[in-house]
Every structure is written in structure tokens, then in C-alpha cells.
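Each remark here refers to the structure printed beneath this line.
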């Protein structure tokens, strides 16, 4: 028996020596995703970040797709148990699960992208109102009817703040303009997103801001069929007037980099809109004057002259 | 709140949305109803819609025509039906379990294969689909014309399917046999009805019908394939069958109820931002519960549904 244990210890020591130097550097990161990595939107963006972290930081990465609300705690705890040092919930809907996992595994750094500030959890957020404002400004200059619309699956903080900014931006361009809001209750249901958009068009909206996963394709399709426009916030597409690049890939890589330096704390990180390369290319339907106006708005937001939540 | 009902243009849009949201439900409910009437539970409708959608995308992508897509959708539906039939009728595996197995299999298989087969995955496709077909004269009627008579071909197919299922089940000799094997297979067997063959035919035909729901999603609604695009429609169709008390005409109305409430919900939301949107999202389910407990009385499923027939069993 003792011999056995010695033998095991020797094997453990040997394999440990062989593996340890590499393992000491490689940070292990796991992400729970609400959707699929091919949605050309949020999930894909986060996955890109994982790939980049593996390539540039040598991180060991893992992910699970289509994690439903009911499975969040289970999936994240499983990663924590298997020795992943950073466990990420991709999306604000993971906040509650993250809090529970963080309490149960205090040594693991739990991160929520787009989540409300939560004790014990590192949350990474974009200042959605700033991005929303700029999109609203462009929408307000291009709209013919004066009505724009925002579509999401569920009501949550990141979306409502983006809509607040969007409204303020639209009103800055068209003081009597209006923003309609619709929820489809499904991030990936393309058909329903399309029907919601067609209905909003019949209510007079002609610029759309979809805040969806795979469902955004339906919004873009409906807009194209009825000669309306879209602005992008989580997805990029040639049909967008412009796109707010909420670069979660870069945010995730930065967070992992901070962790390697021992600096990733359980606090709320906020990323603001500071330069034009956080916006995608402008569509030809956006006049030059508007592009300059956007440039100026970004500088005013940066300098604090403009409050994007109020206009 | 209901002002959109007074404006013809908006009313037309509302009604068309409702109808379009109902169509996949109608196909799936009719398919499921045929299976259950013959005494076989088909819980797999959700997976069969997904198979149909995937088949439609594969066919339309590789053959370049919507008809090719339709062909592949039917093929995938029939294959999934054959699988169900072999397991559930011949091998007598628990029909609920195999239904769930088919759903799980369809989700994994179609997600994986769509990444292998389509460049940049399914949701960047721009497939060739069916266009609207306006029926002369009838499509000129205000409101009803654009809603009912200038729709895509598959919409007419769905409506005709309901009529066909009703006529076959209740007005033909074969329909009588189908209902008989769903109620009392051994009595039907002793009267010379080929129970096994007929159940196979019903399950394969029903599954094929359900897959048309998926084909509709891809070929006339969104022209692309996205993972899990059935999004729970198969389960709602199951509810519609129960709500419709296993009668095609009532199940059809139940599908319309779900579809129109969905459309209604999409419309109500932005008129009333102060009311939580979840209230509206839950409306169709609330209505179906009310209908189940109050209005429709007791639901009586076919007596032999879910029980594999075994000649040697007493």
C-alpha cells in the first residue's frame, strides 16, 4: 500500500515537473455563452476574444455554447471545479449565476460581460449610452419618418441604457422624433425578429437598432425588403448606416491580460467611446456633414461636454 | 390600444404577421395530429421542424432552387419519421423517450452540419425562396385580399393541408382505419386493418408534414438557416393538438390563436412601454391555459396513443 502511494507520488512529481513550467504561465479561461459562436454578433465576438487570448497570451481556453438560464450555475461551477482560473458569463443575464459561483469558488475570478455591477464579480461594460447616442444621431439625420426603433429579446440594463442614448441622439438630430421599442423574447428567433421589424415598419419606423444574437439577421432582412435602414450595435453588416463596435473580444483579452499581471479585480470596468475606430464604416446613405457631426459628438462625449444620456 | 385595428394598412400587416407566425405551427400540428390519431406520440415535432429547415437550406443551397429545398426538407422529414417509426412501432421503445432523443439529435446534427456545409455558417446564406403568389381577383379584396390571397405558395399548402387532413381522417375509409388503430388496435387488427403498416405510413407522413413547417421558415420567411431556428414552435404545436382536442379543424384554430397572439404581443409592446413586455409574451400561454381548463371541456386523447401495439400482448 505504502509502496503504491510512493509510486503514485513519484509519478505525480515527475509529471508535475514536466508539465508545471508551462502550466504556471498558461492561464485557464472558460466562457459560458448564451448562443452559438457563429451568430456573427455577440457570441462570435466573445469567441474571437478567446481565440485571440489563446494566440497572444497563450491562455488555455474552453467554452460552452447555448447555455440556458437554468444551466448557467452548473456550467460555470463545473469550469471552476476543473481548475479554470477565470470563468466568464457572456452577457448580463449571467449576473445572478456569477454571484453564486463567485461565492462558492472564492479563488476563481468570475467575470460577467455586460453585467450590472455585482459584489465579488468583475463586470466588463461598455458605456452603452455613449454608443447609443452616436447611433441615434446618425439615425435621426437619415430617418425620413422621424421614427426609429430598437429591438431586443429581453429587457436588461445594457439595452435600456443604449436605448436612452439612442433616444437622446435621435432627438438631438430631430427634436420631434420618436423611438419605439420591441422585445421578441428570443435572442435567436430570426423569423420572429423579422416579423417584429415588419410591424414596426408599419408603425412608421424606418431606422432600426437590433440588440440581438442570431436574430439580428431577420431585422436586417425586413429593413432591406422595405427600404429601411439599420444601425449596428452587436453585429456588423454592410446594410448598417454605421456600427457601434462593442469590442468584447478586445475587452476579454484585456481582462485576461490584467489577470496575468494579478490586477483583475472584482469591480466594474467601464469602456467608453473615445475614437472613431470604435465605429464601423459609414454607409453611403450617411452624408459627409453627418459623419463630421459624429466625430464632433465623440469628442464632446470624451471631454464631458455632452451627456449622452440626456442629450 | 386597439387603434391599429381601425387602420386598414396596419390591420393588414397585423393579420399577415399573425398568419405567417401560425404557418409552421399549422404544419407541425397537422403532422403531429396524424401521428397521434394513429396511436403514436410524436413529441419530436420540434426536431422535425428543425430537420425540415435544415433540409430546405441544404437543398436550396446546393441545388439552387426552392423546389430542391422543398424536396430535401421532405426527405429529411420522412427519414426522421422512419426513425421514429422503427424505434416506436417495431422496436416498441417508449415513444416519449425517442421523441426527446430525436429533438436532441436534430439540434446537434443540424448545428454541426450547417457549420460544415455552409461557408460562414447558415445565417449568412441568401437562399432562393418562393415568392408570393397573388390569386387573381380575390387578392384585390381590401384587407382580406392581401392577407389571404397574395401569400407565398406554402401558405396555401398549409391551409389545404388542414382541409386534406380533415377529409382523409373523417370522410374516407382509410381515415376510419387510422382512427380505429389509434383507439383500439387489436379490434382493428382482427377486422383486417394492417395496424403496423398504417402506423408506419401515418408517422412518416406526419413527420414529413411537420418538416414542411421548417421548410416554410427557410424558404418563405428568412431564406437562411440559423441554429435552433425552430425556437420552440414544435412544442407549441403539441399544445395546439391538445387544445384542439385531436380535431384538425380545432387544432388549426388553436395554431391561429397562438400565431395571432404572438403578432398581437409584438404590436402591443411598443404602444405601451410602461407595461412589462413579459406580460404580453406570456399572453398566448395564459389564453391556452384558460381555454384548456374552462372553455373546451375535458380533452380525450386517442385511447391507444403512446402504447406500442403487440399482437402477443394480452
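Positions of Cβ are set from backbone N, Cα and C atoms, glycine also.
Listed by sequence, the residues of this chain that lie at least six past the ends of the transmembrane segment (B:14-35) yet keep a Cβ under 8 A from its Cβ atoms are 4-5, 41-42, 45, 48-49, 143, 146-148, 151, 154-155, 158-159, 161-162, 165, 169, 178, 202-203, 205-214, 216-217, 221, 230, 233-234, 236-238, 240-241, 244, 246, 248, 251-252, 254-256, 258-260, 262-264, 266-267. TrEMBL lists B:14-35 (among others) with the feature transmembrane segment.
According to TrEMBL, the transmembrane segment annotation covers B:47-64 (among others).
The transmembrane segment annotation in TrEMBL covers B:70-89 (among others).
Positions annotated as transmembrane segment by TrEMBL: B:96-118 (among others).
If you look up TrEMBL, you'll see B:153-170 (among others) marked as transmembrane segment.
Here TrEMBL flags B:200-219 (among others) as transmembrane segment.
Marked as transmembrane segment by TrEMBL: B:275-297 (among others).
Sequence-distant contacts of the transmembrane segment (B:70-89), counting only residues of its own chain at least 6 positions beyond either end whose CB sits under 8 Å from a CB of the stretch, comprise 40-42, 44, 47-48, 51-56, 58-60, 63, 95, 98-99, 102, 106, 196, 199-200, 203-212, 214-215, 218-219, 308-309.
Packing against the transmembrane segment (B:47-64) from elsewhere in the chain are residues 24, 27-28, 31, 70-77, 79-81, 99, 102-107, 109-110, 113-114, 117-118, 122, 125, 127-129, 207, 210-215, 217-219, 224-225, 228-230, 233-234: each is 6 or more residues past its ends and has a CB under 8 Å from a CB in it.
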